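According to Swiss-Prot, the feature active site, proton acceptor maps to GLU107, an assignment based on sequence analysis. According to Swiss-Prot, the substrate binding site annotation covers THR32, GLY33, SER34, THR35, ASP85, GLY86, ALA87, ASP88, LYS98, GLY99, GLY100, GLY101, LYS125.
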Amino acid sequence: MNQDQLKQAVAQAAVDHILPHLDSKSIVGVGTGSTANFFIDALARHKAEFDGAVASSEATAKRLKEHGIPVYELNTVSELEFYVDGADESNERLELIKGGGAALTREKIVAAVARTFICIADASKLVPILGQFPLPVEVIPMARSHVARQLVKLGGDPVYREGVLTDNGNIILDVHNLRIDSPVELEEKINAIVGVVTNGLFAARPADLLLLGTADGVQTLKA
């Protein structure tokens, strides 16, 4: 199977996993990116079986609405049973790097609210140590230089992502050459830098379930 077929397989597996738990009042948290888009397409075939969705980005909200799935603001939702999203990297503890699509802050907020965070990815995303994929950091624009200097002190090589503004109006620094042996500790350190909104490490709140698309089918990993 090619990469898109693997993504489709894990997207369908996620739908199959959550469907038995959904009812007419259920609201599903939905992530951002190419794998999440396959999940939206698969979920849309069952839109009569749940109430609606919370989107982690404007792009996701648009795709959900195009499928006729009602989109709710997170502040109006009292509970969220599931959040389903992709990842740029995952280790075996289901600590993730996310944010390649620049939606990391809203993704992290929705993941924090959800009772169960299901990550869907193809097998290439599972790595022994996080950090080969550059770590995205969302930054208040006026703090860009200050934050970059602090990231260098942590051993990283930050690169400004040209031409990208997040849905929150901020910029992204992609931090290269980090060997992330202690993801929870590094997540906290970077988030403590003044001017950082958040970073793409999902370690303090990792995924609960990883559905991994492989040539031999979908594998399920639990934290």
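Along the chain as shown, the residues are counted starting at 1.
Cβ coordinates come from backbone N, Cα and C, glycine included.
Secondary structure at THR32 (substrate binding site), taken from DSSP and collapsed to helix, strand or coil, is coil.
The record assigns THR32, GLY33, SER34, THR35, ASP85, GLY86, ALA87, ASP88, LYS98, GLY99, GLY100, GLY101, LYS125 to the substrate site; their largest pairwise CA distance measures 16 Å. The two recorded residues, LYS98 (substrate binding site) and GLU107 (active site, proton acceptor), show a Cα separation of 9 Å.
Rounded to a whole number, the C-alpha distance linking ASP85 (substrate binding site) with GLU107 (active site, proton acceptor) is 8 angstrom. Close to GLU107 (active site, proton acceptor), meaning Cα to Cα within 10 A, are the following binding-site residues out of THR32, SER34, GLY100, LYS125: THR32. For the binding-site residues LYS98, LYS125, the largest tally of other C-beta atoms within 10 A is found at LYS98. When secondary structure is read from DSSP and collapsed to three states, ALA87 (substrate binding site) falls in the coil class.
A Cβ within 8 Å of the Cβ centre of THR32, GLY33, SER34, THR35, ASP85, GLY86, ALA87, ASP88, LYS98, GLY99, GLY100, GLY101, LYS125, the residues given for substrate, is found for these other residues of the same chain: GLY31, ALA36, ALA121. ALA87 (substrate binding site) is surrounded by 26 other CB atoms, counting those within 10 A of its CB over all protein chains shown. Other Cβ atoms within 10 Å of the Cβ of GLY100 (substrate binding site), summed over all protein chains shown, number 21.
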